[in-house]
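Remarks on the structure that follows.
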Amino acid sequence: MYILHYSSIVQKAIIKLDSGLPTISETMSASKGLVLENTARRDALIAIEKKYQKIWAEEHQFEIDAPTLSEEPVTMTSEELHEKYPKFMSSMAYPYANGALHAGHCFTLSKVEFSVGFERMNGKRALFPLGFHCTGMPILACADKLKREAELFGKDYLNVPTEEEEEEEVVEVKKESDDVTRFKAKKSKAQAKKGRSKYQFEIMLQLGIPRDEVYKFADGKHWLTFFPPLIEKDCTSFGARIDWRRSFVTTDANPYYDAFIRWQMNKLKAAGKIKFGERYTVYSEKDGQACMDHDRQSGEGVTPQEYVGIKIEATEFAEEAQKIIDETAAIDKSKKIYFVAATLRPETMYGQTCCFVSPKIQYGIFDAGDSYYITTERAFKNMSYQKLTPKRGDYKAVVTIPGKAFIGTKIHAPASAYGELRILPMETVIASKGTGVVTCVPSNSPDDFMTTKDLLHKPEYYGIKAEWVKGDILPIIHTEKYGDITAETLCKDLKIQSPKDTNLLAEAKKAAYKEDYYSGVMIYGKYKGEKVEIAKNKCKADLIDAGEAFVYNEPESLVMSRSGDECIVSLEDQWYVDYGEESWKKQAVECLEGMELFAPEVKNAFEGVLDWLKNWAVCRTYGLGTRLPWDEKYLVESLSDSTIYQAFYTIAHLLFKDYFGKDIGPLNITAEQMTPEVFDYIFQHTDNIKSDIPLESLEKLRREFEYFYPLDVSISGKDLIPNHLTFFIYTHVALFPKKFWPKGIRANGHLMLNNAKMSKSTGNFMTLEQIVEKFGADASRIALADAGDTVEDANFDESNANAAILRLYTLKIWAEDIIKNHTTMRTGEITDFFDVAFEHEMNALIEKTYEQYHLTNYKNALKYGLFDFQTARDYYREASGTMHKDLVFRYIETQALVLAPIAPHFAEYIYRELLGKTGSVQNAKFPRATKPVDQGVISSLNYVRNLQRAIREAEGQALKKKKGKAAEIDSSKPVKLSLLISESFPEWQSGCVEVVRKMFAEHTLDDSKKIRENINPKDMKRAMPFISMLKQRLTTETPEEVFERDLLFNEIDTVKAALKNIERAAQGLNIAEVSIISFPNGAKVAKDIFSGEEVPIPGSAKAIEGAVPGMPGVVFQNI
């Protein structure tokens, strides 16, 4: 589903490996990315990766099957199977097979990888299949270009002209739809093309393909044999857990998949989901067919925008325009001439005060049959394909006239409450949107309001007469928010000063339309008193019925086909999928409500798409694909043959052994035997079947489908929500029983590289192969896990991947050394304070890691399961002196297991090679806590860490020289360290805690005035910083943790147990004596915790006052 246009693949060279498969190797400059100085550690890790990839392939580790019919009878239901044999199936949008996978694909791939790896370790049969999408125009368009270029320059492409023009950069200017009632994805995958990519053969040469092999790509089929093996090789080098038995290419190149799509189309048609009729569709005149999303060079996601074309009669032309018309013999003077304005707001036509044209635009007078239309050529071209003109595709102007010549023309505007109006200038009118003619409604259009105001103030500047401008504004719509004149209110609120404040005016326009439509009530005209959302269509119908308007469509924004044609909207007789039909939409909404979507933004996006998505053209006449079964001159388009391919994955491995279905599979079934009845038996559980396929084989096929379905999660980029993913929902609910409806969709953000947008033109771009070659698979996977998990754009940071190399290699060397020298470690019962604490900390981190994997928060899983896990080990290693063998070995094994979903090669090396475990880490169980986690132990450990840190910080302060004074402590002399343990909290603190507790429950904690009213004035100075600290803690901790002040451990016992480590905390002072005393807050004397004797409390009042339970005071004194 991800289309990577061949002309935009990064420059690489094709070389041959010993295996015979081509590989794509980087030749572009590496100056844009991180330069690795020493690769020895990386190479050692890559050697491990290659070793275990080979072993996994030999062991068929990722070939996952349903329980056989000999294991469980055919009568066992899918629910019973799932209960006894838990399963998990995940897929990503299959990649388009016309190029190498890039980092964006890699990011999505990693999400499937991590989920499948984790679910395997939970005892599930976890399946990850991947096919290759080849349907549509891109491959054939490139192949045809090569054919044409071979005719021009020869099959060796040597006769190209030496001097050639640089191709202009094609940049998509993506605009939001003017229609605020429609959700659209804000980012397209379409890429800009720059530089010397004029000819397709040049692109192939830039890729490093030998000149004598380029012509092979003039055959579209060659692309299908060339790229899928590369994609498989790159995914394998990444360590992907893909069941390659189930892979296939789409189109009729694989007759089994072809039969499957034909079945799908027939079923949808029979169910009334595919219909035939005239529909507005984005269309390429050059290609002679509909231009769907994947046929586009730019403008993916753009759909037809419906306008109402208002026919504004010219009653008396301005002198200059009249002269041109009079001199044009081809104009029939008996016909009326209309300026055609495109509007989204027919309900506001009562308030038209003039009509705007741009003085800078060339307008055509076009023959519309019984009259003439004045528009831009682009607009009339659209009209000529929508049955609005005498002849389809005839859009030549009778005469062309500059816009300035029309200024002052007298007009009659339909429905306007005003009489005679004029054509006036508007400099912000553009030729690429609408018709180039704009009707002026200053009551509800901020742009019109500001332009009218400007014309009134400067008529001489614009070369018009002041009386041509209508200054009085007719109220048409009332809203509670903006009153009766929406545009005026918004312009004042946003402080818009002139018609040139384009950004503010765009904001105002959107707000005006939205508020008027959803909240407005008509206060003028035939439908006075009705809501705008109801009156709008009535006003539109009245204008059309009166012959004063017509429906007009054009693309929402620029769409360029892959053949380089600027697309239009055409009214086409076509087969279309009736998305949006109410009963079907209701099922889709029901499915969405029951799905795990992982983020509220994703659900909101789907709901928006389901609100606006309507019929979708299902076929085209050009490209690669499956023939429409009932009308074989058409091909099923690429977004329509990729909606339920996940179901085909479940049976593919039993039907064929190669991508193309040429090598018949283990059930010995031919493609011709896969009749509609067979697919019904498999996917819809029909039992009456006539087939020469043995019943046992049919039952095996059905078992595979009914075991692995429903799909647990489909993972894709968020930009596929408006098409592929929504079609996926619709088609599943149409063809499968409810129990097989998909259970989840995860939509991830786009991937940035080193905090910048990936771009080939800047060199900030990497393919999957380049990433793995540079950092190795596991380090790359760690960096991808760390990149982010939300729908916001994530970031692959090369420095993180490089750091992962060092982390893994260092861990490898340490683990090898530990295992080699294990006899030097302690054994016996685990009773030492730091042994017990490390055991509980490991258990706590294991549980946190498990939870984050379960939530699919892989960045957090990595934090707890690698970074924090190693930090815990590092502290234990330092604190314990000699580590306990059992704990260290458990740490090594557990580290391998919790890291296995993300870094499986490294984990496998530790698990098999170092620890000598039988079997693969891929099949090991994910670890869980060996005993309930004692939070008291965890708290006591954190207490010791914090106390050590506090001692070091106090040491630093004691050694710091004050202005004009020596440091408090002379480091050359022996020092006594005193720890002041308070047994109770100060009363004023307890009072503050109660104030904060109460106000937090009342949701008034932001009211500083109220806080001060509840605090004793004499405590104010110390209370406010303390309360601020509590408020800050409430942002990161639970209320229970903040307000519960009783310690979960015995502070004195903890200090005694960790005394040696506490004594070593100071690093620059010679600690000759340690005194630890405890006392109730406010006491004058304390008790020595070792002797029990009463002793005076040393230190300053500040140190004594600052000591609270869990936070001892620290005092240094020279002896």
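Placed from the backbone N, Cα and C atoms, the Cβ positions cover glycine too.
Curation does not apply to TrEMBL; its annotations are automatic.
Residues or ranges marked as domain 'Aminoacyl-tRNA synthetase class Ia' by TrEMBL: 79-178 (among others).
The domain 'Aminoacyl-tRNA synthetase class Ia' feature in TrEMBL is assigned to 223-797 (among others).
The domain 'Methionyl/Valyl/Leucyl/Isoleucyl-tRNA synthetase anticodon-binding' annotation in TrEMBL covers 838-963.
Sequence annotations record features per position, and here TrEMBL assigns domain 'Leucine--tRNA ligase RagD-binding' to 982-1037. Residue counts for the domain 'Leucine--tRNA ligase RagD-binding' (982-1037) by DSSP state, with H, G and I taken as helix and E and B as strand, are 39 helix, 1 strand, 16 coil.
Counting C-beta pairs under 8 angstroms (sequence separation of 6 or more), the domain 'Methionyl/Valyl/Leucyl/Isoleucyl-tRNA synthetase anticodon-binding' (838-963) reaches the domain 'Aminoacyl-tRNA synthetase class Ia' (223-797) with 3 or more such pairs.
The average pLDDT computed over the domain 'Methionyl/Valyl/Leucyl/Isoleucyl-tRNA synthetase anticodon-binding' (838-963) stands at 96.
Shown for the domain 'Aminoacyl-tRNA synthetase class Ia' (79-178): DSSP residue counts in helix, strand and coil, namely 40 helix, 15 strand, 45 coil.
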